[in-house]
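If you look up TrEMBL, you'll see 1-22 marked as signal peptide. Feature annotation from TrEMBL assigns ATP binding site to Gln107, Lys123, Thr222, Leu223, Trp224, Leu225, Glu294, Asp309. What TrEMBL records for Asp142, Asp309 is Mn(2+) binding site. Taken from TrEMBL, the feature domain 'FAM20 C-terminal' covers 190-312. Marked as active site by TrEMBL: Asp289.
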Amino acid sequence: MKLKQRMVVLCAVLLLLGLAKIFLLDGGEGSAATRRDLRAFRKMEAGLTLSRGARLTHTLQSPWEIASQWVGPREVYPEETPELAAVLSCLSTARIERADVGYKGTQLKALLVLDGGQKVVFKPKRYSRDYVVEGEPYAGYDRHNAEVAAFHLDRILGFRRAPLVVGRYVNVRTEIKPVATDQLLSTFLMQGNNTCFYGKCYYCRESEPACAEGEIMEGSLTLWLPDVWPLQKHRHPWGRTYREGKLARWEYDESYCEAVKKMPPYDAGPRLLDVIDTAIFDYLIGNADRHHYESFQDDGGASMLILLDNAKRQI
């Protein structure tokens, strides 16, 4: 084939590829709508981008004050959050001022106070990334990385109902022990060269501690919600019985959903829709252990279902 013919063929191929791209992106007859969808998607994608090591551009407020001002009845952080990366960076680097046991709940955790007085919940690493938990969906320990993944999924879905979470490495000897309470210190022990602790909780056992690799412990830090927004706990209407052989009503009663729709707070307001959103969220993260949930206190059913305690993710 002569050079001229080759050039004609090449131009034809490029033209076809260009037309194919336009067709695929614009969707033929719905091209205008598809272009709008594409622009909206790229705007959302850009909004999800976080800069590593970002810093606040002003110093009149602490990162904790900024994050506390974001919280509202229907969101933990707003859609437009240019300071989010900087707040997350502070969460992953701020000096630990105090460490105590995390009493609440069934799983091992520690309560830390960061520089500036901000409380956070520290969940230690218990499994390797590829470890598969066998047994019931609620079996095993919490996964610290599940909390991190769930927070970012919350951002992607646009729910904005999960508290801020980061992963963090801490030096147990230099960052935790010097500022730990006697109650927490009493739960530390050594296994070989690894520093471990077992804390205080419903399932906490000295025989089942969380261990660092040497002195370095990996975990997740969840930002404590502001005290001006107290939480109220609710039993999930589609919770499990956690008793072998005993089914919950929703597992055998086909009219159960209609009954729930007549009960407060599901008979009015957004709560039932929030439960549906949360069911989708839990399906995506593989969480089958949401037996209770929290909303803001005395809200009359108007506030959001807050996506707390997402560490039972199985994948």
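In case you wondered, yes, glycine gets a Cβ from its N, Cα and C as well.
Just so it is clear, the model here is predicted, and its values are computed rather than measured.
When each of the recorded positions Asp289, Glu294, Asp309 is scored by how many other Cβ atoms sit within 10 Å of its Cβ, Glu294 comes out lowest. Cβ neighbour count within 10 Å across all protein chains ranks Leu223 highest among the binding-site residues Leu223, Leu225. For Asp289 (active site) paired with Leu225 (ATP binding site), the C-alpha to C-alpha distance reads 22 Å. Restricting the average to the domain 'FAM20 C-terminal' (190-312) gives a pLDDT of 94. It is 7 Å from the Cα atom of Gln107 (ATP binding site) to that of Asp142 (Mn(2+) binding site).
Sequence-distant contacts (6 or more apart, same chain, Cβ under 8 Å) of Thr222 (ATP binding site) comprise Val120, Val121, Lys123, Glu147, Pro163, Leu164, Val165. DSSP labels the residues of the domain 'FAM20 C-terminal' (190-312) in these numbers: 23 helix, 28 strand, 72 coil. Farthest C-alpha pair in the ATP-binding residues Gln107, Lys123, Thr222, Leu223, Trp224, Leu225, Glu294, Asp309: 19 Å apart.
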